[in-house]
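The annotation compositional bias 'Low complexity' is assigned in TrEMBL to 1-17. Look at TrEMBL and you will find 1-41 tagged as region 'Disordered'. TrEMBL lists 18-30 with the feature compositional bias 'Pro residues'. The domain 'Alpha-D-phosphohexomutase alpha/beta/alpha' annotation in TrEMBL covers 92-124, 175-224.
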Amino acid sequence: TTSTMAEPSPGAAALLPPLTPASWPSPPAVHPSSSPSENEARRLLRRYPIPSRMRYSYGTAGFRYDASLLPAAMVRVGMFAAVRSASLGGEEVGIMITASHNPVQDNGMKLADPDGGMLSSDWEGSAVNLANASDPDAALGTIKELCRVFAWMGPFDPSSSSAPRGTTEGNRRRRMVVHIGRDTRPSSPALSALAVRAARSLGASVIDHGVVTTPQLHHAVMHSNPHRLP
């Protein structure tokens, strides 16, 4: 009798669809820094006021609410992320727009520090204070106070844009870079666009990764700060 050999079963890789150029991740959209604009910051803060009787809180999941309540927080978080980057000497930070397993009508945002971890707990209170600033004057005042903590006059101080290199650290313009990622919720693109505008109003560069997972966003932030790699 003639023996027959069984056909080898396909491996797991053979069961996956082929990787085509159309399925590759798109490169991030880079929005270069521009001159800080207090007028643009005020315009955003006026256009997206905090909903009546709303008080935002920041927990392990970041800010997480019904998406209709989030535009005001998103504007303020975009500005906060720019300041956080400046406070660290221009190290790159991130914002992830997601509500994980919450209902589709919800959304939220988490902040990532340069090491790819969560926002330092020392800064969570400042994020909450800015998110709940009652009006544009209060929000911009909170930003200026936060900048003074790390001896900076702030992005809107006239000397920050005109001071040449080599001048005092307090009035020199700071490097700020913010990475942004989002999930596939219907509300995520609009919230992401607000974060981009808000961070850029302070003069930050923004790297928009589009649709990514939370670990991918944290990974991108960490690898953008090579000295933070283990």
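Just so it is clear, glycine is given a Cβ too, placed from its N, Cα and C backbone atoms.
Automatic, uncurated: that is what TrEMBL annotation is.
Confidence across the domain 'Alpha-D-phosphohexomutase alpha/beta/alpha' (92-124), taken as the mean pLDDT and rounded to a whole number, stands at 96.
Secondary structure of the domain 'Alpha-D-phosphohexomutase alpha/beta/alpha' (92-124) per DSSP, as helix, strand and coil residue counts: 4 helix, 14 strand, 15 coil.
Under DSSP, residues within the domain 'Alpha-D-phosphohexomutase alpha/beta/alpha' (175-224) fall into helix, strand and coil as 24 helix, 13 strand, 13 coil.
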